[in-house]
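Q: If you scroll down you'll find the structure; I have some questions about it.
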Amino acid sequence: MKDFFRRAPLPFTSSRREQQIPDNVWAKCANCGELTYQKQFNDALKVCPKCSYHSRISSREWIEVLADADSFVEYDADLQGIDILGFVSPKDNYEAKLAATSERTGTNDVVMSGSASIEGLPFEIAACNFEFMGGSMGSVFGEKVARAVERAADRGVPVLTINASGGARMHEGIFALMQMAKVSVALTRLARVRQPHISLLVDPCYGGVSASYASVADIILAEPGANIGFAGRRVIEQTIRQKLPPNFQTAEFFLEHGMIDAVVPRSDMRATIGRLLRLYQRPTSSADHREHVVAGHQ
(Lines of atoms letter the chains of each structure in order from A and count residues from 1; the text may use other names and numbers.)
(Lines give C-alpha, C1' and ligand atoms only; values in the text may rest on other atoms or scores of the structure.)
Protein backbone atom coordinates (compact mmCIF):
# COMPACT_ATOMS: atom_id res chain seq x y z
CA MET A 1 0.00 0.00 0.00
CA LYS A 2 2.90 2.33 0.83
CA ASP A 3 4.44 1.83 -2.62
CA PHE A 4 1.10 2.52 -4.27
CA PHE A 5 1.09 6.16 -3.11
CA ARG A 6 4.69 6.58 -4.27
CA ARG A 7 4.08 5.61 -7.88
CA ALA A 8 5.62 7.92 -10.46
CA PRO A 9 3.02 10.10 -12.19
CA LEU A 10 1.90 8.96 -15.58
CA PRO A 11 3.36 10.97 -18.48
CA PHE A 12 0.96 13.62 -19.78
CA THR A 13 -0.27 13.11 -23.31
CA SER A 14 -2.52 15.48 -25.18
CA SER A 15 -5.99 14.19 -25.87
CA ARG A 16 -7.12 13.09 -29.30
CA ARG A 17 -9.54 16.02 -29.38
CA GLU A 18 -6.76 18.56 -28.73
CA GLN A 19 -4.62 17.07 -31.47
CA GLN A 20 -7.44 17.47 -33.99
CA ILE A 21 -8.07 21.20 -33.41
CA PRO A 22 -7.23 22.89 -36.73
CA ASP A 23 -4.99 25.93 -36.94
CA ASN A 24 -7.72 28.26 -38.22
CA VAL A 25 -10.04 28.02 -35.20
CA TRP A 26 -8.73 31.20 -33.58
CA ALA A 27 -7.87 34.65 -34.90
CA LYS A 28 -5.49 36.91 -32.95
CA CYS A 29 -5.89 40.67 -33.14
CA ALA A 30 -2.70 42.29 -34.46
CA ASN A 31 -3.34 45.33 -32.24
CA CYS A 32 -4.44 44.11 -28.79
CA GLY A 33 -3.79 40.36 -29.03
CA GLU A 34 -7.40 39.38 -28.32
CA LEU A 35 -8.28 35.83 -29.40
CA THR A 36 -11.56 35.40 -31.27
CA TYR A 37 -13.13 32.42 -32.96
CA GLN A 38 -12.17 32.63 -36.63
CA LYS A 39 -15.79 32.35 -37.76
CA GLN A 40 -16.85 35.13 -35.38
CA PHE A 41 -13.91 37.22 -36.60
CA ASN A 42 -14.89 36.67 -40.23
CA ASP A 43 -18.53 37.46 -39.50
CA ALA A 44 -17.35 40.76 -37.96
CA LEU A 45 -15.56 41.53 -41.27
CA LYS A 46 -12.20 40.97 -39.55
CA VAL A 47 -12.70 43.79 -37.05
CA CYS A 48 -11.57 43.03 -33.49
CA PRO A 49 -14.58 42.83 -31.11
CA LYS A 50 -12.46 44.17 -28.22
CA CYS A 51 -10.48 47.12 -29.62
CA SER A 52 -12.23 47.61 -33.01
CA TYR A 53 -8.94 47.27 -34.87
CA HIS A 54 -9.61 46.83 -38.60
CA SER A 55 -7.41 44.04 -39.95
CA ARG A 56 -6.36 44.27 -43.57
CA ILE A 57 -8.48 42.40 -46.08
CA SER A 58 -7.85 41.53 -49.72
CA SER A 59 -9.40 43.10 -52.80
CA ARG A 60 -11.61 40.05 -53.26
CA GLU A 61 -12.84 40.30 -49.67
CA TRP A 62 -13.62 44.00 -50.15
CA ILE A 63 -15.76 43.20 -53.16
CA GLU A 64 -17.59 40.51 -51.18
CA VAL A 65 -18.22 43.01 -48.37
CA LEU A 66 -19.55 45.78 -50.60
CA ALA A 67 -21.10 44.39 -53.77
CA ASP A 68 -24.52 42.83 -54.18
CA ALA A 69 -24.39 39.03 -54.35
CA ASP A 70 -23.38 37.76 -57.81
CA SER A 71 -23.24 41.31 -59.20
CA PHE A 72 -19.47 41.55 -59.64
CA VAL A 73 -18.10 40.94 -63.13
CA GLU A 74 -14.31 41.05 -63.27
CA TYR A 75 -12.42 42.70 -66.13
CA ASP A 76 -8.77 42.53 -67.19
CA ALA A 77 -7.93 39.59 -64.93
CA ASP A 78 -5.43 38.33 -67.51
CA LEU A 79 -3.21 41.44 -67.43
CA GLN A 80 0.24 40.53 -66.09
CA GLY A 81 3.32 42.56 -65.33
CA ILE A 82 6.62 42.06 -67.14
CA ASP A 83 10.21 42.95 -66.30
CA ILE A 84 10.38 45.74 -68.86
CA LEU A 85 13.55 47.27 -67.37
CA GLY A 86 15.42 44.02 -66.80
CA PHE A 87 15.53 44.95 -63.12
CA VAL A 88 18.59 43.53 -61.36
CA SER A 89 18.67 43.06 -57.60
CA PRO A 90 21.02 41.02 -55.40
CA LYS A 91 18.03 39.91 -53.35
CA ASP A 92 15.41 38.87 -55.89
CA ASN A 93 14.51 38.49 -59.53
CA TYR A 94 11.49 40.62 -60.48
CA GLU A 95 9.88 38.07 -62.80
CA ALA A 96 10.36 35.30 -60.24
CA LYS A 97 8.94 37.51 -57.51
CA LEU A 98 5.88 38.31 -59.64
CA ALA A 99 5.29 34.61 -60.31
CA ALA A 100 5.69 33.63 -56.66
CA THR A 101 3.40 36.41 -55.44
CA SER A 102 0.77 35.55 -58.05
CA GLU A 103 0.80 31.92 -56.93
CA ARG A 104 0.52 32.89 -53.25
CA THR A 105 -2.29 35.45 -53.66
CA GLY A 106 -4.19 33.89 -56.56
CA THR A 107 -4.14 37.16 -58.53
CA ASN A 108 -1.92 38.55 -61.29
CA ASP A 109 -1.39 41.96 -59.72
CA VAL A 110 -2.46 44.32 -56.94
CA VAL A 111 -5.75 45.56 -58.40
CA MET A 112 -8.95 43.61 -58.97
CA SER A 113 -11.40 45.58 -61.09
CA GLY A 114 -14.81 45.17 -62.64
CA SER A 115 -18.46 46.13 -62.65
CA ALA A 116 -20.75 45.65 -59.66
CA SER A 117 -23.75 47.09 -57.85
CA ILE A 118 -24.75 48.09 -54.33
CA GLU A 119 -28.48 47.90 -53.57
CA GLY A 120 -29.01 47.59 -57.32
CA LEU A 121 -27.07 50.78 -58.12
CA PRO A 122 -24.33 50.12 -60.72
CA PHE A 123 -20.74 51.30 -60.41
CA GLU A 124 -17.22 50.37 -61.45
CA ILE A 125 -14.74 49.24 -58.82
CA ALA A 126 -10.95 48.96 -58.60
CA ALA A 127 -9.74 47.47 -55.31
CA CYS A 128 -6.15 47.05 -54.12
CA ASN A 129 -4.69 44.03 -52.37
CA PHE A 130 -1.81 45.09 -50.12
CA GLU A 131 -0.64 41.47 -49.87
CA PHE A 132 0.55 41.64 -53.48
CA MET A 133 4.01 43.22 -53.24
CA GLY A 134 2.87 45.76 -50.68
CA GLY A 135 0.17 47.12 -52.97
CA SER A 136 2.87 48.75 -55.09
CA MET A 137 1.72 50.62 -58.19
CA GLY A 138 3.13 49.32 -61.46
CA SER A 139 2.01 49.31 -65.10
CA VAL A 140 -0.73 46.70 -64.63
CA PHE A 141 -2.01 48.46 -61.51
CA GLY A 142 -2.37 51.79 -63.33
CA GLU A 143 -3.82 50.24 -66.47
CA LYS A 144 -6.55 48.39 -64.58
CA VAL A 145 -7.56 51.45 -62.57
CA ALA A 146 -7.54 53.65 -65.69
CA ARG A 147 -9.67 51.14 -67.59
CA ALA A 148 -12.16 50.97 -64.71
CA VAL A 149 -12.46 54.77 -64.78
CA GLU A 150 -12.93 54.77 -68.55
CA ARG A 151 -15.63 52.09 -68.33
CA ALA A 152 -17.40 54.21 -65.73
CA ALA A 153 -17.27 57.21 -68.08
CA ASP A 154 -18.56 55.13 -71.01
CA ARG A 155 -21.42 53.68 -68.94
CA GLY A 156 -22.22 56.91 -67.12
CA VAL A 157 -21.81 55.37 -63.66
CA PRO A 158 -19.66 56.23 -60.61
CA VAL A 159 -16.31 54.61 -59.90
CA LEU A 160 -15.14 53.38 -56.49
CA THR A 161 -11.44 52.91 -55.80
CA ILE A 162 -10.26 51.07 -52.68
CA ASN A 163 -6.70 52.15 -52.07
CA ALA A 164 -4.04 50.33 -50.05
CA SER A 165 -0.50 50.84 -51.27
CA GLY A 166 3.08 51.41 -50.27
CA GLY A 167 3.70 53.56 -53.35
CA ALA A 168 5.18 53.17 -56.83
CA ARG A 169 6.87 49.86 -57.67
CA MET A 170 10.62 50.42 -57.82
CA HIS A 171 11.10 47.46 -60.17
CA GLU A 172 9.36 49.40 -62.97
CA GLY A 173 10.93 52.81 -62.46
CA ILE A 174 9.45 55.62 -64.57
CA PHE A 175 6.82 53.26 -65.98
CA ALA A 176 5.40 52.98 -62.47
CA LEU A 177 5.53 56.72 -61.84
CA MET A 178 3.67 57.54 -65.06
CA GLN A 179 0.64 55.60 -63.78
CA MET A 180 -0.04 58.50 -61.41
CA ALA A 181 -0.63 60.82 -64.36
CA LYS A 182 -2.44 58.22 -66.47
CA VAL A 183 -5.12 57.51 -63.88
CA SER A 184 -5.50 61.19 -63.00
CA VAL A 185 -6.06 62.03 -66.69
CA ALA A 186 -8.68 59.27 -66.96
CA LEU A 187 -10.49 60.82 -64.01
CA THR A 188 -10.81 64.13 -65.86
CA ARG A 189 -12.84 62.30 -68.50
CA LEU A 190 -15.11 60.90 -65.77
CA ALA A 191 -15.59 64.43 -64.43
CA ARG A 192 -16.67 65.63 -67.88
CA VAL A 193 -19.59 63.19 -67.90
CA ARG A 194 -20.44 64.36 -64.36
CA GLN A 195 -19.96 61.04 -62.61
CA PRO A 196 -18.29 60.83 -59.20
CA HIS A 197 -15.11 59.17 -58.08
CA ILE A 198 -15.44 57.77 -54.55
CA SER A 199 -12.06 57.01 -52.99
CA LEU A 200 -11.76 54.72 -49.98
CA LEU A 201 -8.42 54.88 -48.16
CA VAL A 202 -7.55 51.77 -46.15
CA ASP A 203 -4.49 50.84 -44.15
CA PRO A 204 -1.90 51.62 -45.37
CA CYS A 205 -2.13 54.16 -48.20
CA TYR A 206 1.16 55.88 -49.03
CA GLY A 207 3.38 57.15 -51.81
CA GLY A 208 2.28 57.73 -55.38
CA VAL A 209 -1.22 56.36 -54.85
CA SER A 210 -2.08 58.76 -52.02
CA ALA A 211 -0.32 61.58 -53.89
CA SER A 212 -2.34 61.11 -57.08
CA TYR A 213 -5.70 59.59 -57.94
CA ALA A 214 -6.63 58.43 -54.41
CA SER A 215 -6.75 62.08 -53.35
CA VAL A 216 -8.43 63.28 -56.56
CA ALA A 217 -11.97 62.28 -55.69
CA ASP A 218 -15.38 63.81 -55.17
CA ILE A 219 -15.77 61.91 -51.90
CA ILE A 220 -12.85 60.58 -49.84
CA LEU A 221 -13.61 58.02 -47.14
CA ALA A 222 -11.23 56.19 -44.81
CA GLU A 223 -11.37 53.31 -42.36
CA PRO A 224 -10.76 53.97 -38.65
CA GLY A 225 -7.08 53.99 -37.78
CA ALA A 226 -5.89 53.76 -41.38
CA ASN A 227 -2.38 55.09 -41.92
CA ILE A 228 -2.32 57.59 -44.79
CA GLY A 229 0.43 59.79 -46.18
CA PHE A 230 3.21 60.20 -48.71
CA ALA A 231 6.43 59.41 -46.86
CA GLY A 232 6.37 57.24 -43.76
CA ARG A 233 6.46 58.58 -40.23
CA ARG A 234 10.05 57.47 -39.56
CA VAL A 235 11.34 59.05 -42.77
CA ILE A 236 9.70 62.38 -41.91
CA GLU A 237 11.02 62.37 -38.33
CA GLN A 238 14.55 61.65 -39.53
CA THR A 239 14.30 64.45 -42.10
CA ILE A 240 12.90 67.20 -39.87
CA ARG A 241 14.57 65.88 -36.69
CA GLN A 242 11.38 66.27 -34.68
CA LYS A 243 8.90 63.90 -33.10
CA LEU A 244 5.49 63.85 -34.74
CA PRO A 245 2.14 63.73 -32.90
CA PRO A 246 1.02 60.20 -31.91
CA ASN A 247 -1.97 60.23 -34.27
CA PHE A 248 -0.08 61.78 -37.18
CA GLN A 249 -1.00 60.29 -40.59
CA THR A 250 -4.06 58.48 -39.26
CA ALA A 251 -7.51 58.70 -40.81
CA GLU A 252 -8.73 60.61 -37.77
CA PHE A 253 -5.90 63.16 -38.11
CA PHE A 254 -6.78 63.66 -41.79
CA LEU A 255 -10.45 64.14 -40.94
CA GLU A 256 -9.63 66.66 -38.21
CA HIS A 257 -7.58 68.68 -40.71
CA GLY A 258 -10.19 68.58 -43.48
CA MET A 259 -8.30 66.30 -45.85
CA ILE A 260 -10.96 63.57 -46.06
CA ASP A 261 -14.74 63.63 -45.84
CA ALA A 262 -15.52 60.85 -43.36
CA VAL A 263 -14.09 58.00 -41.30
CA VAL A 264 -16.42 55.05 -41.72
CA PRO A 265 -16.27 51.71 -39.84
CA ARG A 266 -16.14 48.67 -42.08
CA SER A 267 -19.52 47.45 -40.85
CA ASP A 268 -21.13 50.68 -42.11
CA MET A 269 -19.18 50.97 -45.36
CA ARG A 270 -21.65 49.24 -47.68
CA ALA A 271 -24.60 51.30 -46.41
CA THR A 272 -22.57 54.53 -46.58
CA ILE A 273 -21.42 53.97 -50.15
CA GLY A 274 -24.95 52.91 -51.10
CA ARG A 275 -26.28 56.24 -49.80
CA LEU A 276 -23.63 58.12 -51.77
CA LEU A 277 -24.51 56.25 -54.96
CA ARG A 278 -28.19 57.10 -54.47
CA LEU A 279 -27.28 60.73 -53.88
CA TYR A 280 -25.48 60.89 -57.22
CA GLN A 281 -28.22 59.10 -59.18
CA ARG A 282 -29.79 61.30 -61.84
CA PRO A 283 -33.62 61.35 -61.62
CA THR A 284 -35.14 60.10 -64.87
CA SER A 285 -38.43 61.95 -64.49
CA SER A 286 -40.12 64.64 -62.42
CA ALA A 287 -41.92 61.93 -60.44
CA ASP A 288 -38.60 60.28 -59.63
CA HIS A 289 -37.21 63.67 -58.66
CA ARG A 290 -40.08 64.33 -56.24
CA GLU A 291 -39.62 60.90 -54.70
CA HIS A 292 -35.90 61.58 -54.31
CA VAL A 293 -36.49 64.95 -52.61
CA VAL A 294 -39.17 63.57 -50.27
CA ALA A 295 -36.94 60.65 -49.28
CA GLY A 296 -34.16 63.10 -48.49
CA HIS A 297 -36.38 64.92 -45.95
CA GLN A 298 -37.61 61.79 -44.17
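A Cβ is built for glycine as well, from the same backbone N, Cα and C atoms used for every other residue.
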Q: When you get a sec, could you say which of 29-51, 121-143, 144-166, 190-212 is annotated zinc finger by Swiss-Prot?
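A: The listed stretch tagged zinc finger in Swiss-Prot is 29-51.
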Q: Counting Cβ atoms within 10 Å across all protein chains shown, which of the binding-site residues Cys29, Cys51 comes out on top?
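A: The residue with the most neighbouring Cβ atoms within 10 Å is Cys29.
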Q: Counting all other Cβ atoms within 10 Å across every protein chain shown, which of the binding-site residues Cys32, Cys48 scores highest?
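A: The most densely surrounded of these binding-site residues is Cys48.
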